[in-house]
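J.: According to Swiss-Prot, the protein carries these features:
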- 46-68: region 'Disordered' (REGION)
- 56-66: compositional bias 'Polar residues' (COMPBIAS)
- Cys128: active site, nucleophile (ACT_SITE)
- Asp302: active site (ACT_SITE)
- His304: active site (ACT_SITE)
Amino acid sequence: MNATDIERCRKRIIQYIWDPEPKNDEEPGSPIWCLGTRYPPQCVEETADESRNPDHGQQQNTNTSAPGWPEAFLLDFESKIWMTYRSNFPPIPKDAGQEGSLSLTLGVRLRSQLIDAQGFTSDTGWGCMIRSGQSLLANSMAILLLGRDWRRGERLEEEGKLLSLFADSPHAPFSIHSFVKHGADFCGKHPGEWFGPTATARCIQGLAARYDQSNLQVYIADDNSDVHQDKFMSVSRDEKGTVRPTLILLGLRLGIDRITAVYWNGLKAVLQLPQSVGIAGGRPSASHYFVAVQGSHFFYLDPHNTRPALRYSESGTYTEDEVNTYHTRRLRRLNIQDMDPSMLIGFLIRDEDDWEDWKARIMSLEGKPIITILSESDAASWKGRREALDEVEAFDDLDVAL
């Protein structure tokens, strides 16, 4: 067992033994921003339904209220689609001789040899970045399909059809099986290995292109934090020149071991933009899906909960209990000082007006930028760039495992 395995086990033990739900007492006077929607501090109310289980599929303390949080924020938070580890799904074939690979953690190697001898039937211990990426993609598609103001419990039939695209089956276009296959074919990632932000972004791009009905283009910034307008337009425009819904993905490293303080305000601003669809990654050795920020604290959905696999349903027909496993009211937060600097940031551009609005907002942000929009992609546009963004790096999946 190496140092990484030991540290991961230590964190998991601490979380299981002592993981109280946060109270709104750290920065109660600060507004909360959830994917571009602002919840002012003066709207703080008691939780409306204290009988609701905040973390469906898990046993919780009988006191399930969320002390001091705005009810409107809680309704928004629990409406986000939450992807987690799953178990007992159809086997994902292993590569020959992979059991002894050092790229697999000790726990994954043991499970591979003792339980999943014929193939991986659970992604517990290795699929957290994939699940975080699925969360980012699913919520982007939910905004397109259901609207940003959609709330849990509404339009159940359409939500079921969306969830079916992410079911734990080789038949689902955005399943764990599809991510792993694309990762093996095009990203040099093998079953049971961690995916970094870059591989996850490439999988999202490839799978979305393969599934025509997604109505979603994907643009990946392939050099640092620069978004080249001409390249973006070549991806987003159709043959008539109309800008189609496009997901912008940026894999960044905002420091070495921690996020450099000069980028704190820029990262906080990401979740305040109306085009934001969240941040995947952002915690050492464990990926989360960050959707909200209050002051210096980021709220996230944690994929490190193993639930039964979701069966594939072509019609999208699921029971209430099955749908409930994709939502939680249970808040978790992390101070920006404790976040890992490697992450995948997403923005959803719905049309040309949205693109112009996003550009204007990015260019007007104060402080050191973490994103730059270039009007041309020639060499002249790079003048002065290294001085302006000397610590923002494109993320290389080989640097760190999430």
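The backbone N, Cα and C atoms fix where each Cβ goes, and this holds for glycine too.
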J.: If you skip the near sequence neighbours and keep only those at least six away, which residues in the chain come within under 8 angstroms of Asp302 (active site), Cβ to Cβ?
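T.: Counting only residues 6 or more apart in sequence, the Cβ neighbours of Asp302 (active site) under 8 Å are Thr84, His288, Arg332.
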J.: Between the Cα atoms of Cys128 (active site, nucleophile) and His304 (active site), find the distance and write it as a whole number of Å.
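T.: Roughly 7 Å, rounded to the nearest whole number.
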J.: Under DSSP, is Asp302 (active site) part of a helix or a strand, or is it coil?
T.: coil
J.: Once the chains shown are all counted, how many other Cβ atoms turn up within 10 Å of the Cβ of Cys128 (active site, nucleophile)?
T.: 27
J.: DSSP secondary structure for the residue listed as 'active site, nucleophile', reduced to helix/strand/coil, please.
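T.: The three-state answer is helix.
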J.: Would you count the other C-beta atoms found within 10 angstroms of the C-beta of His304 (active site) for me?
T.: 19
